[in-house]
């Protein structure tokens, strides 16, 4: 779910006052934490940066016993459509590790270059102890995303309605994540943006739109476990005309993932993305198209229970943007390409909303607004939602109250974002975790 330039500024201001333990989202006292990270076999074998040579010289202690590690192993196959919860498939509570990439150590600050591998592994343990975080939370969310999206890729066909597609993805997500209030559930509404619409479209009640064979469909959905959100997106087309557009955007996203890392400057990441994206051009319908970055859409960091944490990752060069990525942060690296002008504006009926992380204290004069805010706090907190989710909860005649919450700054609306009519847009996105010892692309799969 992308950040616009305007939304990024607002998120940055909110971050200054943000506490990861929002009262609305507080987990029950006494809740048990998941398995400790050192039980994950894959991670134990991940060398810390600069540690490989030391390992070669280190002598193995005679008679030393290695602690037996748990591995991520599914004990059953998933159904079609997906319906088996992940905790039943992985009963030991250990979920598949994402793609591990080593950092480019030349980008590290001097202070970090002096840190030993042992110290980095200790930091990794400490990060997981903070607020009860465990890497298996976000890995569980990522495995849900992989299984649901791969079924969606096999199933989505022209002739299906947008509502049918959204329900299929969200029903699968709810089943596999074993939805349980703020403990686990949907991370944000399923985006199904078509053609020139790049982001933030999901069908409202009564939407009759049908997927056509010539459409370019962006599928963007999120999964959360204990507030750790996996945000990942892909694009589908059903005719080969715009295959080169999809290839350009996918390559740009992979470039962003490669360039990201501890101490990486966000402006430099954006410049690398733009260079790759805009090196592509192709012929379609008798015209030559240079792929353009949609310059006012950006990637972003992800905070607990907040899809936009406060930092934005541009997809174009931004001179003098020296903000750095930091150890322990989670980022959504997403890029958007267009055959249009490379700039989006609000377009069409709004469906996406989110309560502000730190809403202002205002007097709500409309009764329906007060009631609706209670429903939002109880069911979503600061997580994004859509009108269909309110319908599902039995809310009725809520539009006046919803508009009042938006006008008072309590709720932020996210209208569909579109480039010029007639153009095509594409999106690919991955969630990455900047661990002390390595970069983990948690949402990576065989599909993208």
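Even glycines carry a Cβ here, placed using N, Cα and C.
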So Swiss-Prot lists 220, 429 for divalent metal cation 1; which of 231, 419 goes with them? 231
Further binder of divalent metal cation 2 named by Swiss-Prot next to 231, 300, 429, taken from the candidates 196, 334, 395: 334
Sparsest Cβ environment (other Cβ within 10 Å) among binding-site residues 231, 429 belongs to 429
CB-centroid shell, 8 A cutoff, divalent metal cation 2 site 231, 300, 334, 429, site residues removed: 1, 2, 3, 220, 232, 233, 299, 331, 332, 333, 430, 431
What is the number of other Cβ atoms found within 10 Å of the Cβ of residue 334 (divalent metal cation 2 binding site)? 29
Report the residues of the chain - excluding 220, 231, 429 - with C-beta within 8 Å of the mean position of the site's C-beta atoms, for the recorded divalent metal cation 1 site, in sequence order. 1, 2, 191, 221, 222, 232, 233, 332, 334, 427, 431
Note down the number of other Cβ atoms within 10 Å of the Cβ of residue 300 (divalent metal cation 2 binding site), including every protein chain shown. 25
What are the sequence-distant neighbours of residue 220 (divalent metal cation 1 binding site), meaning same chain, six or more residues apart, C-beta distance under 8 angstroms? 1, 190, 191, 193, 199, 231, 232, 233, 427, 429
